[in-house]
Amino acid sequence: MARTKQTARKSTGAKVPRKHLGNKSSQKSFPSTQGLKKTHRFRPGTVALREIRRYQKSSELLIKKLPFQRLVREIAQEFKTDLRFQAAAIQALQEASEAYLVGLFEDTNLCAIHAKRVTIMVKDIQLARRIRGERA
């Protein structure tokens, strides 16, 4: 079939409806994504840095009180039964425990960074405790 030259035509101004090539069933087969909005996601690490800044600013306890209290009572049960604790005693134990854990994780993070990693591992905790002199 030979090609023919296209010539410009003058438009009449009236809109002519276009013919749809496919039938209606083929149009419905694709789900419409017009109403769905994509959920916003932060880049990896952004939320972690925000949480670090938030917890460094605050002075509240990081572990919930009741689970910590149950843990203390469970450990104390192994040594002596029917022990009672004052609320201030459990509060003091929790403050000391959290201070110890935060310090340990800081040292652990330094060990991971020294090994050119950003993820802490068990060997980092072991090294931090060994340097501190807690474990030979």
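Indices start at 1 and increase along the chain as displayed.
Placement of Cβ uses the backbone N, Cα and C atoms for every residue, glycine included.
Residues or ranges marked as compositional bias 'Polar residues' by Swiss-Prot: 23-36.
If you look up Swiss-Prot, you'll see Lys5 (among others) marked as N6,N6-dimethyllysine, on the strength of experimental evidence. Every protein chain shown contributes to the tally, and the Cβ of Lys5 (N6,N6-dimethyllysine) ends up with 4 other Cβ atoms within 10 Å. In the three-state DSSP reading, Lys5 (N6,N6-dimethyllysine) counts as coil.
The N6,N6,N6-trimethyllysine annotation in Swiss-Prot covers Lys10 (among others), and the record cites similarity to another entry as its basis.
Feature annotation from Swiss-Prot assigns N6-methyllysine to Lys10 (among others).
Annotated N6-methyllysine per Swiss-Prot: Lys19 (among others), in sequence order, evidence recorded as similarity to another entry.
Under the heading N6-methyllysine, Swiss-Prot lists Lys24 (among others).
Sequence annotations record features per position, and here Swiss-Prot assigns N6,N6,N6-trimethyllysine to Lys28 (among others) based on similarity to another entry.
Positions annotated as N6,N6-dimethyllysine by Swiss-Prot, on the basis of similarity to another entry: Lys28 (among others).
Secondary structure at Lys37 (N6-acetyllysine), taken from DSSP and collapsed to helix, strand or coil, is coil. What Swiss-Prot lists as N6-acetyllysine is Lys37 (among others).
Sequence-distant neighbours of Lys37 (N6-acetyllysine) (same chain, 6+ apart, CB under 8 A from its CB) do not exist here. The N6-methyllysine annotation in Swiss-Prot covers Lys37 (among others), and the record cites similarity to another entry as its basis.
Secondary structure at Lys57 (N6-acetyllysine), as computed by DSSP, is helix. If you look up Swiss-Prot, you'll see Lys57 (among others) marked as N6-acetyllysine, on the strength of similarity to another entry.
Taking Cβ-Cβ distances under 8 Å and a sequence gap of 6 or more within the same chain, Lys80 (N6,N6,N6-trimethyllysine) has no neighbours at all. The N6,N6,N6-trimethyllysine annotation in Swiss-Prot covers Lys80 (among others) and is backed by similarity to another entry.
Look at Lys80 (N6,N6,N6-trimethyllysine): DSSP puts it in coil. Residues or ranges marked as N6,N6-dimethyllysine in Swiss-Prot (evidence: experimental evidence): Lys80 (among others).
Residues or ranges marked as region 'Disordered' by Swiss-Prot: 1-41.
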> Same-chain residues six or more away whose CB lies under 8 A from the CB of Lys57 (N6-acetyllysine)?
Replying inline: none
